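Listed in TrEMBL:
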type     : residues : note
COMPBIAS : 13-29    : compositional bias 'Low complexity'
DOMAIN   : 186-204  : domain 'NF-X1-type'
DOMAIN   : 238-257  : domain 'NF-X1-type'
DOMAIN   : 291-310  : domain 'NF-X1-type'
DOMAIN   : 345-365  : domain 'NF-X1-type'
DOMAIN   : 398-417  : domain 'NF-X1-type'
DOMAIN   : 425-444  : domain 'NF-X1-type'
DOMAIN   : 482-503  : domain 'NF-X1-type'
DOMAIN   : 511-556  : domain 'NF-X1-type'
DOMAIN   : 578-596  : domain 'NF-X1-type'
REGION   : 1-35     : region 'Disordered'
Amino acid sequence: MLSSATQPPSFSPPLSSDSDSDSSPSSPSANHRHPDLSSSIFQSYLSHSSSHNDQRQDLIKIQSFLVSSRSGALSCLICLERIKPTDPTWSCSSRCFALFHLLCIQSWAHQSTTLAASRASSRAAVVPDENSLVWPCPKCRIEYPKSQTPKYYYCFCGKVQDPPRDPWVLPHSCGEICGRALKYNCGHFCLLLCHPGPCPACPKLVRNKCFCGKLEDMRRCGFKNFSCNGVCRKLLECGVHRCGEICHDGPCQPCREKGAYRCQCGKVEMERECCDKEFRCNSACNKLLGCGRHVCERGCHEGQCGECPLQGKRTCPCGKRVYEGMACDVSIPLCGATCEKLLFCGFHRCPERCHRGPCIETCRTVVTKSCRCGSLKKQVPCYQELTCERKCQKLRDCGRHACKRRCCDGDCPPCSEICDRRLRCRNHKCPAPCHRGACAPCPLMVRIACSCGETQFEVPCGTETEQKPPKCPKPCPIAPLCRHASNCKPHRCHYGPCPPCRLICDEEYSCGHRCKLRCHGPKPPPIPEFTLKPKKKKLNHLSEGTPGSSCPPCPEVVVRSCVGHHIGAERTERDPACPHPCPLPCHPGECPPCKALIKRSCHCGPWYTFLSVYILIPCQRKSKWLFVHATDLATESCQTVHICAQKHVILVPVHHRTSALR
């Protein structure tokens with residue numbers, strides 16, 4: 001709360017934050033941001049006004065006005081157009097503190113007073129006094145005299161006419177100390193800067209006693225009245241007992257102590273509460289009067305019964321003849337003259353002779369009467385009212401419906417029909433009785449809140465479709481579901497999905513490398529988008545979060561050998577060594593024997609052909625070429641092996657093999 005010696009800071013609008021920004025709180029731009037002090041100021045005021053509902057409502061009004069002004073959501077209740085920072089305005093200073101365009105409220109006041117004057121002149125046929133004409137506030141209906149119709153544009157506190165536009169000052173404010181007198185005539189003045197709405201409670205420190213007067217404490221002037229929570233113990237009105245209630249405001253309750261008390265005549269004794277100890281019983285007094293012949297006919301009473309009412313000067317029932325000196329037990333004779341007491345009609349007198357008891361209630365004198373509308377005359381008894389069956393066709397003050405009342409005297413009552421015309425908000429119909437002129441603006445307000453509901457403001461009904469949700473400084477309550485939950489930068493309250501995590505995934509592959517892509521983990525369920533339409537019951541199920549995708553294969557480039565353990569394009573690794581590459585695709589294990597054909601000459605000159613495991617050599621025994629198996633060259637004997645019916649395998653000695661392979 002603001003102290004009495006310090007000036008409160010101005011209400012500066014909160015800075016907007018970019019949820020997608022990667023900047024950290026320690027960045028240079030963050031160091032230049034000024035915090036919004038209005039929330040802390042209002043929190044302090046609201047904490048002290050928790051037990052004072054009216055003052056709490058005033059604070060909520062101020063806060064709502066400020067939030068609406070920051071968000072550009074101020075709208076005129078009359079024209080439903082947005083109130084721009086440069087538009088001349090007028091605000092109600094009695095109850096609602098609503099803001100209107102100056103031209104709109106001037107037109108509204110002029111139409112209201114003109115209509116009231118026409119109604120008064122049509123009823124009384126007299127031009128009404130200008131000072132008696134009033135116009136109501138379009139929202140709270142508080143009446144203002146015609147002389148208070150606004151003519152000029154002033155700031156909220158009313159000190160500066162046509163306040164200049166300053167981007168650093170709240171629109172329509174002069175930016176100076178408000179200085180308006182505070183409530184309850186405490187003698188102090190508002191210390192806030194020029195602001196909309198009512199002034200908050202006085203923040204000055206004063207000494208004051210509790211309600212019962214036992215405890216004295218230092219309190220804020222606006223909340224100086226307090227209870228010590230002890231027993232009141234004030235002396236009650238009875239002058240005997242003391243109050244047993246907890247220290248309270250206002251007068252003490254009536255004494256509820258019970259006791260035995262007698263009625264006023266003293267005949268009946270009853271147990272009653274002290275505050276109701278004086279009572280009268282239901283029995284008559286019946287005490288003998290001073291005459292000794294009559295008894296008191298009064299009910300239960302205190303004190304003396306008085307003299308007999310039948311003694312002294314007496315008259316006949318009609319009052320024309322006076323009798324003196326007659327005993328109280330002798331009945332007064334009737335005089336025999338005409339009664340002539342004024343009857344209940346107020347025009348005629350009783351035609352009966354002097355009589356005891358009341359006169360007749362209904363005057364039966366025949367007179368000529370006219371009906372209320374003047375269309376019928378007839379002789380009827382005085383007590384009987386004459387009416388005709390003619391229906392009045394005169395239009396009522398609404399100008400739309402006829403009176404249609406039977407035998408109307410010309411003073412037609414206000415129209416009893418409901419107006420039911422659609423208001424400018426396009427959402428409701430006018431609930432007032434049928435009337436002339438434009439309908440009053442829709443008094444309902446629509447509350448627009450942020451996603452978490454902490455920041456909200458009210459706008460006139462009909463303007464909510466063009467409004468945007470307020471910017472809330474509170475953090476988003478939804479926790480991230482990815483692996484960076486502890487490192488993610490917090491973002492502000494919002495509608496719709498949360499911004500994606502912009503950190504690097506950094507998840508480790510099985511190969512030891514880490515994923516270098518932006519985080520692609522699971523996302524929390526999105527908050528519903530901002531809408532003012534009622535949600536269908538079928539769509540009340542909670543939306544599920546978006547599951548995350550797995551990391552792609554590791555994209556790192558490394559040097560690795562193939563299954564055949566080659567380096568580059570090399571494929572000769574056959575054992576025993578061979579100049580020919582293996583024609584098969586890369587494969588694990590040893591390569592198969594080489595099947596390539598080559599030409600070789602022996603040491604003696606003949607040509608040999610080496611084909612895989614066979615050698616083509618000339619046979620010395622027969623003049624033809626034979627196939628010799630290479631695996632049989634290890635034997636030293638020359639043998640002929642029949643491979644088939646026409647071919648022989650000749651094994652040559654070791655030295656032949658050596659020369660052939662050389």
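Count begins at 1; order follows the chain as displayed.
Using N, Cα and C of the backbone, Cβ positions are placed for all residues, glycine too.
Because the structure is a prediction, the values reported are computed rather than measured.
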Please work out whether the domain 'NF-X1-type' (425-444) lies in contact with the domain 'NF-X1-type' (482-503), by counting C-beta pairs under 8 angstroms that are 6 or more apart in sequence and asking whether there are at least 3. no
Taking DSSP states H, G and I as helix and E and B as strand, how many residues of the domain 'NF-X1-type' (186-204) are helix, strand and coil? 0 helix, 2 strand, 17 coil
Quick one: average pLDDT across the domain 'NF-X1-type' (186-204), no decimals. 85
Over the span of the domain 'NF-X1-type' (578-596), count residues by DSSP class, listing helix, strand and coil in order. 0 helix, 0 strand, 19 coil
By DSSP, how many residues in the domain 'NF-X1-type' (398-417) are helix, how many strand, and how many coil? 0 helix, 2 strand, 18 coil
